[in-house]
Each structure stands twice: as C-alpha cells, then as structure tokens.
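**Student:** To start, I am sharing the structure in question, which I have written as structure tokens.
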Protein chains: 2
Amino acid sequence: MDIFNKTRALFHLPEGMTYLDGNSLGPLPYAAQERVDAMIRDQWGELLITGWNKAGWMEQPSRVGDRVAKLIGAEAGHVVMGDTLSIKVYQALASALELNPDRKVILSDSGNFPSDLYMAEGLIRTLDRDLELRIVEPEDVEAALGDDIAVMMLTQVDYRTGRMHDMARLTALAHDAGAIAMWDLAHSAGAVPVDVAAANADFAVGCSYKYLNSGPGGPAFIYVAPRHADLVNPALSGWLGHASPFAFDLNYQPGAGIERMRVGTPPVIQLAALEAALDVWDMVDMADVRARAVELSEMFITEVESRCPELKLASPRDATQRGSQVSFTHPEGYAIMQALIAHGVIGDFRAPDILRFGITPLYVGEADIMNAVTALQNIMDGRLWDRDAYKVRSRVT
Amino acid sequence: MDIFNKTRALFHLPEGMTYLDGNSLGPLPYAAQERVDAMIRDQWGELLITGWNKAGWMEQPSRVGDRVAKLIGAEAGHVVMGDTLSIKVYQALASALELNPDRKVILSDSGNFPSDLYMAEGLIRTLDRDLELRIVEPEDVEAALGDDIAVMMLTQVDYRTGRMHDMARLTALAHDAGAIAMWDLAHSAGAVPVDVAAANADFAVGCSYKYLNSGPGGPAFIYVAPRHADLVNPALSGWLGHASPFAFDLNYQPGAGIERMRVGTPPVIQLAALEAALDVWDMVDMADVRARAVELSEMFITEVESRCPELKLASPRDATQRGSQVSFTHPEGYAIMQALIAHGVIGDFRAPDILRFGITPLYVGEADIMNAVTALQNIMDGRLWDRDAYKVRSRVT
C-alpha cells in the first residue's frame, strides 16, 4: 500500500531504531515540530494576548475536537479537547452517574487502565454516598450487567493484551440493563475503526499522544452523546465551560452542549502539535490503516511463534478481537524487553510478564516487523538478557 | 536598574507594541522558543518513549515545581506542576474540606476569579452534602470568619483592581477561627513577593502563563503545606499521583506528599516552555522586581490622573495594598481599550468598566509607561473611540 510509504516519510524515526511503541507515545511528525515553532513565533510571540481571538486559540479545543470526532465516528460538535484522560474520565463518570441517580454500581473490568479505576475510586470517595466500583474479569462484563449497574465504564482495547471489547454489543446490553455506557478509547482512536454514534455510546474519552501522535502530554478528548450534551451538569465546572466566560459572573451557567466539558485554559502549544499531527490522518482511510495493521500483526505473530517458541501469545489470536498491538508473555519479560531496547527495538513491558508491541502502519512497515523478530530471536536464542534486571526493577518499584 | 535592561532583552516584544498585559499572558522568552524546539527535536524526536526516563519527563512536574516554590516561599518538595488552575482549585478545595469535615461553609469574596467560584460550585453540587459557598465583599472577609467556616478560599490579588489581601494576616485569622486557608496566587506568583510558608498557608494554587511567562495554556501549580501533604486523600486520584504508577495495581495508593497531587500525564511540551521561562527569574531578586513595579505603577497613576482626568483609579492608591497591575474605570472602558489596542498599547478590559494594565518590570520600562499614557491621553482628548463598540460587545456576550 503506497500510501503508507508516503505517511511514513512524514515522521521522524531515529536512525537505527525500530519503533513498536506508538501505542504508548507516537513518534514526531515533522509537521508538528514546524507547527509548534511557527505557533510560538507568530502567534504567542507576535499576537500575545490577542492570539485568543486572532489566532483562534479560544475555539481550538472544539475545532480540533471536530477532527478527532471523525476518527471515532462522533457527530461534529460533540467532541472537545483538553486536560488529561484521567480528568476526562472523572468528568464523564460524574455525569454518567448523575444520569442514573438511583443506581449505585459502576461496573468495570480488570483490563481497564488503572488510572480510570483510580479516578472512579476518588470520585466515589468524594461523593461519599454508598457507590460501589465493581471490577470483574473482561469476559464477565456481559453477565455482570444487572439492574443495579449505573454505569458500565470500560476501556475498549486492553492496554496489556490488546483484547478488544465489542463496543456496539456491550453498549446495547448495557442500555438493555438500564445502564449508561462509557468508553475509554485510549487504545482505539487511530488504532481501529470506531463509531461511537453507531454504537450509541453515551460517553467516550481518550488521549492523543498514542496513535494520534500529538507528543508527550498531548491533550485528551471527551465525547458526550448529543442526547445528553445539554443535560449533563459538569462536576468540573470551569470558566471556559461557562455559557459566557468573559461576562465574569459569580455563578456558573453551563455552556452549550460539549462546550461545558471544557474546564480551564486550553494547552495551546500542545494543541498546535496535535493539529499538525492530525493532518496525516486526512490522507488515509481508517479501514486501510486497520487492514494494514492486521496484516502486519499476523506476520509478527506468525514469525515470533515460529522463531521464538518460548514466548506465549497474550493477545487474542482472532484479529477481530484484537486492537492494534500484539503482546507476548515470558517470565523474564522485563529483562527481555530491556535487551530488545538495547538492540534498537522499542516495545514496552507491562507487569508482571508482558512484552507489548504497537503496530502502527502510518510509520511501521514489514521491514520493521522483520527487524524486531530477528532481534527478538537473537536475544532468545543467545540468552542475551540480564536475568538480574527484573530483580533490580522489583526493588525500585 | 540595569538588570531590567538585561531581562528585557530576553523577551520578544513585537515592533511598535507596548505590552501592558503580562498579567494575562506573558510575552515570549526567546529561550522558551529555543527550548521547546530542542525538546521536540532531541527528546520527543530522538528518544520517543524513553524520554520519560532519559530526558527526565517523569520528574519534570516536581523539578519545575521546586523552581516555582522559590518564587512563592514554599518549602522545596511541596509544589508540583500540572493541569489547569481550575483543576488545581478543585483538588485543593476538596482536600481542604476533608481536613475540616464538621464545618459546612466555604468563604470566598466577590473579588475571587470566577472560575474558582465555579469550581467550588461544581464541587459542592457533586458532594451533595449541605455545603455552602458564601461570597462576601473583599473588605468583609475578616468579619465573616466565624466558627462555621470550613475553608477560606481567596485569590490574593484581585484580577480586576489589583487590590491585594494580606495573606499572613488573613491566614492567621482563618486559623484562629478554625478554618483552612487556601490561596489562589494567579496574580501573585512572579508579581509580588509571596511567602506561603511564613504566612502558614494551608494550600496555594496558581498559573504559570501570566507573570511566569510560560505561554498560552501553560500548566498550573499546587502547594500543600508540609503538615498536610501526607494526610490529604486526593479527589482527583490519577495514576501519576499513585505511589507506584507502573505497578498498575487496580487500587489507588496515594504517592508521597505533593506527588499525590499529580493526576494524569504531564504536558511535557508546555513544561519545557515554562522551564526556559523560569531561567529569567534566576537572574533577579523578587524584592527588586517589586520595587521597580511599584515605581512604574506610581508613575503610571500620576501621569494618567494628571493627563486623563476622566479615568478613575480603581486600584488601591496605597502600593502596599496593590498587586502588580493598575486599573482605571470609565463607563466606555471597553471602547477605550479597543482604541488603545488599535494604537499599539495592549492592556485589557474587564466587565463592566475596568481598563486593566499589567506592570511587569522584566520587560516593561519607563518608556512603555509613557507611551501608554500618551496614547491614552490622545484617545481621551480626541474622543478617538467608537461609542458603539460596547453595545456591539454587549450583544455578543
């Protein structure tokens, strides 16, 4: 697919590095560096405070949100950028609970990203009214959707294994059970085709620094279904979510729709990087990206299993149930990943024993996959890892 | 004071612009542009995910926090950067309320920045347990400190008039009344000498894009007094505030001290701009900055009052009761400010009738003050403003 040669050329990939960690932090799009530099020089430098109007900083969170909306199947005008994913989880969950006030249980699974669970825990403790965070195994979510569930809060793609929930099906089941469905798309947006509107999701949140390549600490996004957008009353009711921020009223009045999910001053510089990074997405069709990711993932699995039999596949074998990453386990996974990194192949390790590899066709091709497998085989065959590395790490954490 | 010629040379100030709005958004330090560009190229570009360790991104919020700590008189290790000021207000207020669980009233004043009041409103609504936000006039705070006050939540310097509360005195009175004292230093940090430790403040929060010059959307800071730092249980309990973020436990355990006030992934690019901007502060003594700001402010007041008698001083006349800004009122303030901006003098307008000018000696000198006064006099004498401008604005907001 020729288009991926074109997109690859838009990213800086360090000489000698095979980068299979775009599911953690996407690489630098050259355009992002240029855009940030120009924004700082021409907007911050020259316009100063007038940049809020003249350079459109004030509308930037919604303008960029509309572009992210396209990647997750959201209706235009229903996604806004800002803050971090953890903050957006808190906002969405607080609103979801408020839409279902007579129920007491937040249902999640053990494959959710821990920060989502921590934020829920903090919200429950803050609310102090008998709520329960019930964490089941991912395969038990469906059975756990009883009539006590207020909110089903899930991350679609498991950050460890890449196991992917069926968003449309679970959302429908949640609704049948009278629950609100809230999805974390951290490992979905830009990774797999997503259609929050078709799935009828109530809330969705995600981050931009993984598959969307906005750089370290890039802003998060939040989606609120149109049917709820003017009903929710924000827990984090900041001035930029106010109906008239510059009236400086002493009382809060929520802004129209998704605007009320804004909180404080948006991170204009990080948003500039994201805006440039999103240009790459205008060149491709998500279905093509997905097809290519599946092709590369299958190749990676086949090669690793035949050449490194000690590694056990931790991801679903069925590509339709897998996000855009492939994970293997090994008892010395940490040490093996350290050795791989020393050999120029960047994946990452997740406790207790997972080696995780992101498959990101915008800039990863067959040669990268084969490089990674060869390095992995050399390390496994030659026992080229430090058996004490994991012990060292265990002491540190 | 020669040092201010040196510091002025470190900022980009657009040709023909007199910038008296550094209390809203500080101008670009050349070093910030260079630092961000280098960070993006050498760290994001070359290190990618390994930047979290190799480039020290993970420690950046505390490392930068220690530098901000020096500017507000905080103990090292008790300030951390991240999120927006509104989020930090929520965190501090939730923690403050928890330290005083038997009381029901949050006391604030009508000079507080509205977003702080909105965040309090949102927290109260979320908590849903009979709390009250009591807003009095700034001069009535002292008398309102009764035995029902849980938290006194104030912004030290009024964003409209520059009127400055006596932090040490009010904190002592709040403590005498059994209340927790929480200070917003948005218009104090880098503006006036602050000593949160000597004042015995319980919590302090602030932003970095005003007097600290970190650029649009730069991160906020939070200070928790050492005596509380290991007691507070964060409402916004995100993974980077966890004791072991990379253990990926399913349950939250707060990190040590101020680290628990971290929430999600830090905005690494915006933090790089802030780090460079803070270098300027290493060159100056806050007492000298303050002395120079008072001198320039006195000059500005004297000149405006003698040459533009229609403008009424809205700031305290006594410099010891004034932050680093000067405000005047006029019924057609909005239109006058628009005319001033058209003449290359940037201040800002705050409803209903305030013309606000930031006095920032790092890059503003006597010539700027005199330019501004001359432009203002020309506009007032020549009636060079559009009387319909305010009507237009009134329809918009």
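Cβ coordinates come from backbone N, Cα and C, glycine included.
Caution: TrEMBL annotation is automatic and unverified by curators.
Note that the coordinates shown come from a computational prediction; the quantities given were computed from them, not determined experimentally.
Pulled these features from TrEMBL for this protein:
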BINDING   A:Leu85, A:Ser86, A:Phe113, A:Pro114, A:Ser115, A:Asp116, A:Thr155, A:Asp184, A:His187, A:Tyr209, A:Trp239, A:Thr265  pyridoxal 5'-phosphate binding site
MOD_RES   A:Lys210  N6-(pyridoxal phosphate)lysine
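So that I understand the layout, could you describe where these features sit and how close they are to other parts?
**Tutor:** In the three-state DSSP scheme, A:His187 (pyridoxal 5'-phosphate binding site) falls into the coil class. The Cβ of A:His187 (pyridoxal 5'-phosphate binding site) lies under 8 Å from the Cβ of A:Asn23, A:Thr155, A:Gln156, A:Val157, A:Asp158, A:Tyr159, A:Gly162, A:Lys210, A:Tyr211, A:Gly323, A:Ser324, A:Gln325, each on the same chain and at least six residues away in sequence.
Secondary structure from DSSP puts A:Lys210 (N6-(pyridoxal phosphate)lysine) in coil.
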**Student:** How many other Cβ atoms sit within 10 Å of the Cβ of A:Lys210 (N6-(pyridoxal phosphate)lysine)?
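**Tutor:** That number is 27.
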**Student:** Given the binding-site residues A:Phe113, A:Trp239, which one has the fewest other C-beta atoms within 10 angstroms of its C-beta?
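**Tutor:** Candidates: the binding-site residues A:Phe113, A:Trp239. Fewest Cβ atoms within 10 Å: A:Phe113.
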**Student:** Among the binding-site residues A:Leu85, A:Thr155, A:His187, which ones place their CB within a distance below 8 Å of a chain B CB?
**Tutor:** A:Leu85
**Student:** When you measure from the Cβ of A:Leu85 (pyridoxal 5'-phosphate binding site), which residues in the chain that are at least 6 apart have a Cβ under 8 Å away?
**Tutor:** A:Ser115, A:Asp184, A:Ala186, A:Val205, A:Gly206, A:Cys207, A:Ala220
